[in-house]
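Have a look at the structure below, then the notes.
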Amino acid sequence: MDSLKSTFLSSTINLYPSFSRPKLPPAKPKLHIHSSIHPDPFSLSDGNPSKPKPRSRNPKKPLSDDNARRIIKKKAQYLSVLRRNQGPRAMTPKWIKRTPEQMVKYLEDERNGELYGKHVMAAIKTVRAMGEKKAGEVDVRKVLGSFVMKLSFKEMCVVLKEQKNWKQVRDFFAWMKLQLSYRPSVIVYTIVLRSYGQVGKIKLAEQTFLEMLEAGCEPDEVACGTMLCTYARWGRHKAMLSFYSAVQERGIRLSTAVYNFMLSSLQKKSLHDKVIYLWRQMLDRGVAPNRFTYTVVIYSLVKGGHCEEAFRTFDEMEKCDFVPEEATYSLLISSCTKDGNWSDALRLYDDMRSRGIVPSNYTCASLLTLYYKNEDYSKALSLFTEMERNKIGADEVIYGLLIRIYGKLGLYEDAQRTFEETERLGILSDEKTYLAMAQVHLNSGNAEKALAIIQSMKSREIWFSRFAYIVALQCYVMSEDLDSAEVTFRALAKTGLPDAGSCNDMLRLYLGLNLTERAKKFIVQIRTDQVVFDEELYRTVVSIYCKEGMLKDIEQLTEEMVTNDLYKANKFIQTISRAMFGEYMGHQKFEVNVASNQLDTTALGYLLRLYLECKDFSKTENILKLLLECASSMSVLTQLISKFIEEGDISKAKALDNQVVKPGRCADDVTITYMTGLDGKEQKIKQAHDVFTSVADSSTFGKLIYNSMIDVYVKCSKPEAAYSLYKEAIEKGHDLGAVAISKVVNSLTNFGKHQEAEEMINTSFKDNLILDTVAYNTFIKAMLEAGKLHFATNIYERMLSMGVAPSIHTYNTLVSVYGRGRKLDKAVEMFNMARSSGMALDEKAYMNLIWYYGKAGKTDEASLLFRRMQEEGINPGMISYNIMINIYAGAGLCHEVETLLQTMQRDGLSPDSSTYLSLIQAYTEWMMGEAERVYKELITAGLSPDLACYRTMLRGYLDYGLVEEGINYLEQIRDTAEPDRFIMSAAVHIYKYAGKEQEARSVQDSMKNLGIPFLEKLKVGYKMTSP
C-alpha cells in the first residue's frame, strides 16, 4: 500500500493528472438498432432472398454452421448496446445458446486459430511456452521478434488476457509497451492488475496501478474494483479500506459485485463493524444490493449485536423480492431463540416453510432449543418427525436436545435409545451429550447408569469441563459414594470457586449419611473460601445449625445474608432476621420487608427447633406465637414433631406438643397419622391402636386417620381387622378412596380371604365409588387368585365402560385370566391390544403369554414370541430362560434345550436349581434317562435339590414302574429329604410293589407318628399301562 502513496490517495483536488493524455483514436460509430419493421440484421445469410449479399473480391473461408458465429457476435453487440441504454439496473436478457454441434465447431475453430486469428493464437502459445524455461534463460524480444508490427493493440490485449501465469503477463506487458501500436489504456492495466491480484502479487499490482496513473490513465470503476478485490482476496483489509476511501473521494461508483467481495472478506475475519460501515456506505452511494449482499450483511448485523437492524434489513430484502437463504433464516431464528423472542422465531420458521425451504439441522437445533425452553415438547417431537420425513440428518446437538426432551417427559427408555443411536452413528463426541444422558438417569433416580456414563467419558478421554464435574458430583451424591464425591468436589474446586449448588449437594450427602460433624467442618471450609451462598445453600446450612443448636453461627451467617441487596426481598431470610433480631440488633438497624402475615413458616420451624435445642423456652414461646399467626402453622409443627419422633427424641416431641397445647390447640390428623404409621412400621399394633382410639372422638378424626390405621393393620398382617375398620369408616360416611380399597382387597387376597375380597369389590361397585387403574388391577388379580375368571373378565369390562385406562399390568393379569381359563385366543388378543396401544411391553408381559403357549403345547408360537422379545431389545433373565427350557424339554426338543442352555451361559447366567428342576419336570414326563442325567448334572454343579425336585424324580420312577431305581433313589435322599406326604406315600407303594413289606410298614408307621396322611390312590407303573 505504501507504493500507492501518490496523488490518487493523498489529493482530491487534482482529479486528473497535469500532463496531457495521448490522443486516442476516434470512437467507433454507435450501433444503430432498427425497428422490427426493417430487415433483421441478425438473420441468416439467406434470410432476405430479395436482396442477397454481394460477393466479395477476396472471399473469406466460409464459417461453420451457416454463419452462426456471425449471428452470435451481432447479438452480443446488440445486447451490449441495449444494456448501456437501459442503465445499471437493466436485466440481462438470456444469451443465445449454441447447439452441441455449434459448440464443437467453435472449439475446433479455436484450436485451428480461427477464433482470434492464427497469428494471435501463435503469439498466445509462444508467450505461454516461455513459462517452461527458467528465469533469465528467456530473451523476450528475441522470442517475440517475429510478432513485431504484426499484432494490433487489441490483439496484444487478447494475448495478454489469455496468459495463465503472472510472469508471462509481466514479461509480455513489458514487451507490449515497446510496440508502436501500444497506447496506454485502463483496459490493459486492468488485465494486468487482475492477473497479479489472482496470485497475491499485491506489491506488483500497486506498482502497476501507480504506473497507470503516471501514464495518464484515469482508473475507472473496473480498475478500482479490481484493486479492491485483490486487497479483499488476500485479507489486506486496512489497505483495502484506505484505498476505498480514496475511490469514494473521487466519486467513482463501484459495482455491487465489488462491494460483495469486500463485505465477504471482512466478514470471514469477523470484522462485523467494518462490514456494517461498508454496508451503510454502499446504501449512501445508491448501489443496489443483491441477495448475496443482504445475506452477508444480515449475518454481520446479528453477530455485531444489531438484531433490530438485522430484522429491518431482512424485511427490506423480502420487499426487494429476494428469497433469503436457509442460512439467513437459521441465523435469525437462532438469534430470536437466544433473546427469548419465541414468537418471531416461529414466524420466521413458518415463513421459511411457506417458501418451500427445507430447514437445515442447525435450524432444527435452534427450534428444538426453543421448544425445550418453552416446554412445548409435543412440537419438539413433531419437528423431529418432520426432519425424518424430509431426510434431514440429525447431528449430535439435535440428539442431545432430544435426550433432554425425553428426560423432561419422563421417557427415559426413549432417551436411552436416542443416546445409543448417537453412539451407533459414530457422532458421539461432545461432553454435553454425555452429560445430558447422565442427567436423565439422575432424574429417573438411576445413579448407577448415570455413573456409567461418567465412567464412559473418562475411558474415552473426553475433557471434563466444570459442568462435567458438577454432574459427576451429583451422581456420586445420589449413589452415596462419599469418597468419590469428595475427590470430585476437590477437582471442581481446582477449576474455580465451587458453586452453591455443589456445596449444597455435599451437605445433603453428609446429612444423608448422618455425618453431621463432617458437614459442620465442610460449612466452615466453604465459608472460609468465601463461597457465594444462594437461598438453597443457606436453607441447608440453617437447618444444620438449628439441629445442632449453633445459635452464634446462625446469627453471624444471617447477618451476612440480610445485608446483601440480593436477599432484601427474600421471604425466608427476612423471616429469620426478624424472628432472631427484631428490628434492632445492637446499634444497627435492619430493614425488614416481611409483614407478619407473610412470614415463612419453614424458617420459623427451623428457629423453633433451634431454641428447643438451646432450651431457651421463652424464645421458643415467642417463635411459636409468630408461627401460630400463619395459616399453615399446624403442618410445620406436625413435621417438626414427626422429625423428633423419627429421631427417637420423644422428650422434645412432648415438649413441643405441650407448647402447642397451651394456646388451646392440639396436633392435627397429619401428626396422628404419622405416629400411627411409625408404630405400624415397628409392628407395634397395640400402641397404634391406642393412639387411634385416643382421638376417635376429636374433631380432626377423619379419612386420613382411618387410612393410616388400615395401613397399620395391613402391614401387621391383620386383613380381617383392616376390612372391619374399612366397613366401619364406610358406615360413618367416610370415603377412604381407591388406595385404601386396593390395600384391603390385596391383603385379603394374599391371606386367602377370597370371599371377603369379593364382597368388598361388589360393595364398591354398588356404591359407585371412583376407582383408579390400580384398584381395578387389584380387583382383577384378586378374582384371578380366587379362580373366578368370569368375574375378573366382568371387572375389566366395567373398567373400560367407566373410562379408566388399562395399564400394562392390567393386560398382563388378563392374559393370565384367559390363559388359566384355556382361552388362549383371548389371551393373545389382550397381548396384541397392549402392543397396539403403544405401551412398552416388558419381559414379564412376553413371558406370561409364552408360559401359556407352552402349557397349551404350542411350542412354535412360544419360540417365535421369545425371539421377538429379544429382537425388541429385551434381554431374557433367569426366569425367562427357565420357562423356555421347560417348554422345550416338555416337547422333547433336546437340541433346542442344549442350545438355549449354551445361550444362557454366554449371557453370563449359570443354570440354577430352578433350571434343573424345569428340565427334570419335563423329562420325567417322557424320558427318565434324560431326567436322571440332568439330576446328576445338578449334583455335579454343587447345587442342592429341593423338595420339589425330590418329588419330581420320585414321581417319574413311580409312574414308569422303575421300582429298583426308585428304591435306590429313596436310599440316597433318606438323610436329606424332609418328611413329606407324597415322598413317604410313594415310598410305601414302591416298597410294597417290590415285596418289601417290612420297609413299607416302617415308613407307614413314621407317617402315623408324624400325623401325615397316606395317599392311597398312587399307582406304580401308571404310565406304562396307559395307551
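The backbone N, Cα and C atoms fix where each Cβ goes, and this holds for glycine too.
According to TrEMBL, the feature region 'Disordered' maps to 19-67.
The feature repeat 'PPR' is assigned by TrEMBL to 185-219 (among others).
Here the repeat 'PPR' (255-289) returns a mean pLDDT of 90 for the predicted model. The annotation repeat 'PPR' is assigned in TrEMBL to 255-289 (among others).
Positions annotated as repeat 'PPR' by TrEMBL: 290-324 (among others). Non-local neighbours of the repeat 'PPR' (290-324) in the same chain are 256, 259-260, 263-264, 266-267, 270, 272-273, 275-276, 279, 282, 331-332, 335, 339, 344, 352, 355, 357; each lies 6+ residues outside the stretch with a CB under 8 Å from one of its CB atoms.
Look at the repeat 'PPR' (325-359): DSSP puts its residues at 27 helix, 0 strand, 8 coil. What TrEMBL lists as repeat 'PPR' is 325-359 (among others).
The repeat 'PPR' annotation in TrEMBL covers 360-394 (among others). The DSSP breakdown of the repeat 'PPR' (360-394) into helical (H, G, I), extended (E, B) and coil residues amounts to 27 helix, 0 strand, 8 coil.
As annotated by TrEMBL, domain 'PROP1-like PPR' applies to 373-485.
According to TrEMBL, the repeat 'PPR' annotation covers 395-429 (among others). With DSSP classes pooled into helix, strand and coil, the tally for the repeat 'PPR' (395-429) is 27 helix, 0 strand, 8 coil.
Taken through DSSP, the repeat 'PPR' (534-568) splits into 29 helix, 0 strand, 6 coil. Taken from TrEMBL, the feature repeat 'PPR' applies to 534-568 (among others).
Taken from TrEMBL, the feature repeat 'PPR' applies to 702-736 (among others).
What TrEMBL records for 772-806 (among others) is repeat 'PPR'. Secondary structure of the repeat 'PPR' (772-806), assigned with DSSP and counted as helix (H, G, I), strand (E, B) and coil, comes to 27 helix, 0 strand, 8 coil.
The annotation repeat 'PPR' is assigned in TrEMBL to 807-841 (among others). Tertiary neighbourhood of the repeat 'PPR' (807-841): same-chain residues 413, 773, 776-777, 780-781, 784, 789, 792-793, 796, 799, 848-849, 851-853, 855-856, 858, 872, 874, selected by CB-CB distance under 8 Å and a gap of 6+ residues from either end.
Look at TrEMBL and you will find 842-876 (among others) tagged as repeat 'PPR'.
According to TrEMBL, the repeat 'PPR' annotation covers 877-911 (among others). Across the range of the repeat 'PPR' (877-911), the DSSP-based residue counts are 26 helix, 0 strand, 9 coil.
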DSSP residue counts for the repeat 'PPR' (290-324), split into helix, strand and coil: 26 helix, 0 strand, 9 coil
Residues from the same chain, set at least six apart from the ends of the repeat 'PPR' (395-429), whose C-beta lies under 8 A from its own: 361, 364-365, 368-369, 371-372, 375, 377, 380-381, 384, 387, 436-437, 439-441, 443-444, 446, 462, 840
For the repeat 'PPR' (842-876), residues assigned helix / strand / coil by DSSP: 26 helix, 0 strand, 9 coil
Chain residues outside the repeat 'PPR' (877-911) and at least six past its termini with a C-beta under 8 angstroms from it: 843, 846-847, 850-851, 853-854, 857, 859, 862-863, 866, 869, 918-919, 921-923, 925-927, 930, 941
Residues of the repeat 'PPR' (702-736) by DSSP state, where helix covers H, G and I: 26 helix, 0 strand, 9 coil
Secondary structure composition of the repeat 'PPR' (807-841) [DSSP: H/G/I, E/B, coil]: 26 helix, 0 strand, 9 coil
